[in-house]
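Asks: The structure is given below, and queries will be raised subsequently.
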Amino acid sequence: MEKFELHILGCGSALPTTRHFATSQVVNLRDKLFMIDCGEGAQMQLRKSRLKFSRLNHIFISHLHGDHCFGLMGLISTFGLLGRTAELHIHSPKGLEELLTPMLNFFCHTLAYKVIFHEFDTRQTSVVYEDRSMTVTTIPLQHRIPCCGFLFAEKARPNHIIRDMVDFYKVPVYELNRIKNGSDYVTPEGEVIANTRLTRPSDPPRKYAYCSDTIFRPEIVKQLSGVDLLFHEATFAESELARAKETYHTTAAQAARIALEAGVRQLVIGHFSARYEDESILLKEASAVFPNTILAKENLCISL
């Protein structure tokens, strides 16, 4: 299967700690890089990951709290120092362009590349990015300010040609695209060769969903149905349920309930409160509900 990876750059929450960087991730699909949130220190973690800066052209910001976007200015500036010329696209809720433009004009007015902002409505489910390989769709969340998650969905690929069978039936090259897309082949003599004899199914398309920050929100279960990997914030343990509700965050057990009801393959929890020096209690509570749960940690790479 072709590369589809999630790199965790940071998994902490608002209060800085010596154990965790602020929230930031990178999705690597076939060596195209997509950043999700850009907390303080994201560019340092990006260097540690050994991912190529030049392959990062799109950044998706879930909401305008500092622990999810304070790293943007530093990253934009560093791109300039590295001689970047390719456009950088930043997808975010309304307001980020207004906030960053004065700083860009002051600190980064000599950039040799364009920073292009794309704003979306966090209340709507909408496709905010699409190419030949993938779509990125917003997931409406409920936080103290407008916020959404993101669903990265690989597009279905054509069937694989069985070379020996194609050669055996002497299928012309110009017929191969039709056959890949499901058509049968008719020989010059009129014999119909079933597509199933000439192809094998491609690998099933994969999906990754990112949900942070949000109060427990069962409404998202339908959109998350069957995803291969779900990152869901788990800021608090169940003992802090009242605090989670008050701050519009989620407990580890609640995140696991979302994963269970959505039928996801694997759950990774993160956005840990600074009060926890050991997140094992969060893993224990989540795993009791959804066993295939792991803790996010810096420099973790997960292959889908």
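In case you wondered, yes, glycine gets a Cβ from its N, Cα and C as well.
According to Swiss-Prot, the record shows the following:
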- His63, His65, His143, Asp213: Zn(2+) 1 binding site (BINDING)
- Asp67, His68, Asp213, His271: Zn(2+) 2 binding site (BINDING)
- Asp67: active site, proton acceptor (ACT_SITE)
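What's the neighbourhood like for these features in this structure?
Replies: Classification of His65 (Zn(2+) 1 binding site) by DSSP places it in coil, neither helical nor stranded.
Take the CB of His271 (Zn(2+) 2 binding site) and look out to 10 A: across all protein chains shown you find 29 other CB atoms.
A 10 Å cutoff on Cβ-Cβ distances gives Asp67 (Zn(2+) 2 binding site) a total of 23 other Cβ atoms nearby, all chains included.
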Asks: So which of the binding-site residues is most packed in, judged by how many other Cβ atoms lie within 10 Å of its Cβ, out of His63, His65, His68?
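Replies: Output for this query is His68.
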Asks: Just to verify: the residue among His143, Asp213 with the fewest other Cβ atoms within 10 Å, which of the binding-site residues is it?
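Replies: Least crowded of the binding-site residues His143, Asp213, by Cβ count within 10 Å, is His143.
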Asks: What's the CA to CA span in angstrom from Asp213 (Zn(2+) 1 binding site) over to Asp67 (Zn(2+) 2 binding site)?
Replies: 11
